[in-house]
Amino acid sequence: MLASQTLLHTAVFALTVLQALASDTFIAAVYEHAVILPDATDEPVSPEDALALMNKNMDVLEEAIKEAAQQGAHIIVTPEDGIYGWRFMRETIYPYLEDIPDPAVNWIPCTDPTRFAPTPVQERLSCMARNNSIYVVANIGDKKLCNSSDLGCPSDGRYQYNTDVVFDPEGKLLARYHKYNLFRRETQFNYPKEPEAITFETPFGKFGIFTCFDILFHEPAVVLVSELQVDTVLFPTAWMNVLPFLTAVEFHSAWAMGMGVNLLSANTHNISLAMTGSGLFTPEGPAAYHYDSGTEEGRLLLAELSARPRLSPTYPPAVNWSLYATSIKKFPEEKDTFSGAVRRDIFTFSELRCKAGNYTVCQGDLCCHLVYRMLNKSKDEVYVLGAFDGLHGSLIKYHWQICTLLKCKSTDLSTCGQPVETAQTKFEMFSLSGTFDTNYVFPEVLYSGVQLAPGEFKVLRDGRLKSKHGTSQPLVTATLFGRLYEKDLPHPLRTSPYNITP
């Protein structure tokens with residue numbers, strides 16, 4: 001019986017590969033998971049209790065993986081923290097960690113579970129992939145023992161890493177990635193000593209992988225796309241939405257368009273922490289996305305994507321993001337400007353006082369230009385043009401240049417930049433551009449109710465973000481996110497001789 005099952009699995013896997021080879025597209029899936037969280041505790045739980053909690057989450061993920069496979073998906077991405085959640089200190093997360101070997105060991109945990117025992121989580125994930133003939137991407141924790149001969153070894157004698165794993169349709173451990181840019185609350189984890197650029201080939205393109213906060217930095221995100229030329233990025237995330245922009249679906253879609261790759265973004269779902277927003281994003285815009293701040297339910301998304309988007313006839317042309325804005329001579333800088341905060345970032349704003357006009361607002365080296373006509377301006381709404389040129393962040397500092405057409409929370413100008421997700425005003429047209437010092441610029445439009453606007457705007461080769469035929473829905477923001485990676489402050493690891501916990 002076992003031999004016949006193995007032959008059947010081999011035949012199914014071979015058929016899956018042949019089908020993928022015969023097409024220039026593939027079916028991708030992401031699952032936004034409402035994670036079952038552990039109880040907050042100052043003391044570590046037993047390994048048995050930790051595994052019981054993880055199995056509850058994996059029960060949910062397994063059902064999503066089965067459904068995705070039944071609908072023809074070749075690969076599925078699950079979220080960061082999707083198996084054990086958060087609420088951890090360094091000591092209390094330890095029972096949830098496993099030693100994850102280098103994929104070069106050529107290991108299928110499902111069929112050889114004792115080789116690196118105990119690894120029950122890796123075994124189960126491997127079997128999910130193998131039993132459903134699908135690539136499975138998951139986020140778990142890795143532990144590595146160390147000793148005093150390693151000057152960076154933490155005092156408890158181990159490294160702990162936020163880790164993504166990929167299992168192929170046979171269940172083999174195909175890739176392992178240790179998160180390099182830790183968010184300020186991730187004190188339970190260590191940085192890897194060097195940033196990792198993890199790629200692997202599939203019958204439907206070259207893939208890269210990184211985690212959540214990593215997307216904002218040159219290493220590994222830009223390295224994977226610009227230097228290693230991946231076609232698709234796998235992106236487990238636990239993204240807390242920051243309105244009026246930097247919501248998950250808005251920025252992740254913008255990043256995929258700006259970088260010219262597919263991005264498979266799987267977010268955790270927790271409305272009390274403003275965590276929602278997943279999608280299958282392409283260089284042309286979102287193929288499918290989900291944003292739900294009202295329920296506690298997970299969501300499976302699937303879409304057919306180009307396997308090698310750079311070879312697609314619809315692949316967007318290269319953009320010179322400052323060409324148009326630097327050529328403008330007739331728009332003087334607005335005199336009547338004011339400052340407003342978007343979180344901790346101080347923007348320079350100018351109110352759009354008329355239903356149509358030309359505006360320019362500057363901050364630092366950045367000048368933002370806007371031409372617009374409102375269709376039905378609500379008297380209860382105020383819009384501004386905003387510019388930001390500076391460092392953002394706490395533990396890790398990184399440099400933004402941002403131009404935004406933005407709805408204020410109320411008619412009180414002091415509310416400009418505060419969270420807002422609904423609007424009433426539509427625009428007959430708008431054209432937004434900026435004197436960016438970088439070609440890494442990410443464009444996106446956000447409509448009322450945190451809805452994207454696929455197909456309703458275009459980016460011209462001279463760097464203008466323009467509406468095509470007006471906005472079909474009321475506008476919350478139209479934004480160009482520019483990243484000056486060369487002006488970032490050093491990574492915390494680069495400022496210390498030791499690889500210590502942040």
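From the backbone N, Cα and C atoms, a Cβ is placed for every residue, glycine too.
Residues or ranges marked as active site, proton acceptor by TrEMBL: Glu80. The active site, proton donor annotation in TrEMBL covers Lys179. For Cys212, the entry in TrEMBL reads active site, nucleophile. Summarising the annotation, TrEMBL assigns domain 'CN hydrolase' to 31-307. According to TrEMBL, the feature signal peptide maps to 1-22.
In this structure, the C-alpha atom of Glu80 (active site, proton acceptor) lies 7 angstrom from that of Cys212 (active site, nucleophile). Taking only the Cα positions, the spacing between Cys212 (active site, nucleophile) and Lys179 (active site, proton donor) is 9 angstrom. Of all the Cβ atoms in the protein chains shown, 27 others lie within 10 Å of the Cβ of Lys179 (active site, proton donor).
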